[in-house]
């Protein structure tokens, strides 16, 4: 009997210990669960933004993903940029996080904001000046050795335009460059030429491009720097004086551009038979005059954007501007007091004496225009040029792309769409707000698509056709 009692006490002690061990394991499990839930909650209130590339060229696509958000909740993603003139630009999109608390800009639909739809790069191309900014701004790069800094942030809820009281849940920064590592910049001030030469890294020789901007004048470098980043020796040429830093260039004629082409041709790092000309707006008119003039230095190919052949250069540019400015008083003014030039330019197409003889062009020509261009008669000119070149038998050299709802200022991809901006009419020194045209989404598509086609066109005619490279 005593032995049985001892066994029972031992069994009771064993069961007590077993229960105590189970209880301890249970408590330990609850503590672990509590720690896990606490850790999960802490993670959720610390969203993380992945934005790639953190450092890249302005024409590279971007990837933005936000994680650790509360699932199935409203969030706003914002991009904020400060220009070199200290103006703030921003874009923003409304999203709803998925079941695991993620927003993927490349895959998710933006429900509202400065853009809508599935737009991986919408946070860049829809940039606009923040409320209260100076009117009629245009975002342009001045110093290509300083990147644009894109501040990407995420905010609770769906915010519309006013972010003054909005606290960000997370923030990251992306650098957007117009110039790649190794590209060199050389000021050119010789033989009367005013410009900047950008050279890609390496010994060369590489194809060359003469880069011509429009009637706004001055020395604009960022597109030439970007072209050099894609392997071309690019000369950004100043040919219209703004009166700020350069001496007057307004009396130059076609010999000035021939001298610039000769400079490129003779440079030791440039393949002398592989020279193209890239023109925008009035720069297109200059490019067409160069190619049709049958001078001693003929370009290998032409890229012409938003321009016209209705400006024939027989003398100096000053003479050309004086002829154009006779009719600027006939400009149309819209309800917002924006100036529309295209109307007074239309009659120029009816006068053959105004037109460049594009039938003389002997090189491939890529012609790009937007059908909502309110500044120049680009679309009408494209059709007239096609007829003239067909009559001359060289229409096989012409490739024309017309973009629906795109405006005048077709720039490198993801540049903000500028429908109107401040503009100084050089001859009159008069400041106006010029209407360029275009709808933001369609214009942005035109910039992205045309840039890809431009790079393909340049490679085909400047690299692939060269036996020396």
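Note: Cβ is positioned from N, Cα and C throughout, glycine not excepted.
Here the structure is a predicted model, which means the values were calculated and not measured.
Listed in TrEMBL for this protein:
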DOMAIN    252-463  domain 'BAAT/Acyl-CoA thioester hydrolase C-terminal'
ACT_SITE  281  active site, charge relay system
ACT_SITE  373  active site, charge relay system
ACT_SITE  408  active site, charge relay system
C-alpha spacing of residue 281 (active site, charge relay system) relative to residue 408 (active site, charge relay system), in angstrom: 8
Set of same-chain residues at least 6 away whose C-beta sits under 8 angstroms from residue 281 (active site, charge relay system): 213, 214, 215, 305, 306, 307, 375, 376, 408
Residues that sit under 8 angstroms from residue 373 (active site, charge relay system) by C-beta distance, when 6+ apart in the chain: 306, 342, 379, 406, 407, 408, 436, 437, 438
